[in-house]
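Working notes for the structure below.
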């Protein structure tokens, strides 16, 4: 029995969501999607019984955005196991390390079940890891470490598997898109909303955490608003400021523009001679994948550094030093998260920028090759679909050479661009971080297109017959 078969068998035995017998209407899909988001937000606001959040988990901000997780709550793991399993399976399939044909319906079902089985394994492993660390560092109840760890682990397994089922419910047709995308979007929007409109007070400055409530409070009390224009405070390091707000709006507009840009390649069809059309390649060819990998790598090194402190302080110090290069300002520093940080630590800002952008380029090129986005794979798919490039023989090798002139430059420059967006957002203190903005904008555009598509099908039922639905 192969690796994929074993995982698929595990996935088949796990509790699952049944597909709807009849396709729900757009209104019903919106309701089910909203229900899933509400359940997720409730879980992200419900503290884990028996523990409080520890400081080193609070530092994993980027990982919390990418994995839609919230420290110290039932959503501690978020969609992390689902995304990790999905990326691993996609890399294995794209690099041909596993023999599976995703165009074959049976193989596609097996692939989905295997991905679910692998996600469950990650849920168990991560729950045990996080549960044990939380039980050792931040318990609020009396009892042995193993007992408390068992209580926390059980909560994490049940809650994270529920998130997996919510994602499965949406993907099987009850909702729109995928739960993973919805939860990431909800998490980023929650952070942005809190940075703008949060009303909880900060004890160090006696001001609300949100920019607008803090601004109104300062104006009403005739206090200085200098720190709200550019945060220079060493007491309230995360106070959102005006520069960060302007940066956020500007980056959202830029990201929307870049995301909708395409490079058109003229093609013809063997079945429809004389009819020419184009195949669009997204200008941001690798999307936000490179910066996600860089952020996850840095966060994982930071996490392992914290865990290593229980075993080997020297190893922990080495990992801490390495992880510090992935973040700016460095974790646990007294430097505010604003443009003022560049003034206080210009060399650190330069080091962070260079490392982040270089790694983004490396991960972007690597992702093209391992995820099946390379010219050879794309050329083979065009030939199998009966699509030709005008004036070129229908030969995969020749088409590959033409596509390579587009794909690799796009992968290179799009990796630089998304890396720059993430770096600029960090250096200027954008709300929700640059990675959060990239993810939120990409997902929002996908949902806009999906809503338009679903609405068209409801308004013009004949379209369902034409596209075979």
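From the backbone N, Cα and C atoms, a Cβ is placed for every residue, glycine too.
Curation does not apply to TrEMBL; its annotations are automatic.
Now, the feature entries from TrEMBL:
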type: TRANSMEM; residues: 30-53; note: transmembrane segment
type: DOMAIN; residues: 38-72; note: domain 'Translocon Sec61/SecY plug'
type: TRANSMEM; residues: 65-89; note: transmembrane segment
type: TRANSMEM; residues: 117-135; note: transmembrane segment
type: TRANSMEM; residues: 141-164; note: transmembrane segment
type: TRANSMEM; residues: 176-197; note: transmembrane segment
type: TRANSMEM; residues: 209-230; note: transmembrane segment
type: TRANSMEM; residues: 242-259; note: transmembrane segment
type: TRANSMEM; residues: 279-298; note: transmembrane segment
type: TRANSMEM; residues: 349-368; note: transmembrane segment
type: TRANSMEM; residues: 406-428; note: transmembrane segment
type: TRANSMEM; residues: 434-453; note: transmembrane segment
Cβ pairs under 8 Å between the transmembrane segment (406-428) and the transmembrane segment (279-298), at least three: yes
The transmembrane segment (434-453) touching the transmembrane segment (279-298) per 3+ Cβ pairs under 8 Å rule: yes
Proximity of the transmembrane segment (434-453) to the transmembrane segment (176-197), 3+ C-beta pairs under 8 angstroms: yes
Interface present between the transmembrane segment (349-368) and the transmembrane segment (176-197) (three or more C-beta pairs under 8 A): no
Listed stretch, out of 65-89, 141-164, 242-259, 349-368, that has the most CB pairs under 8 angstroms to the transmembrane segment (117-135): 141-164
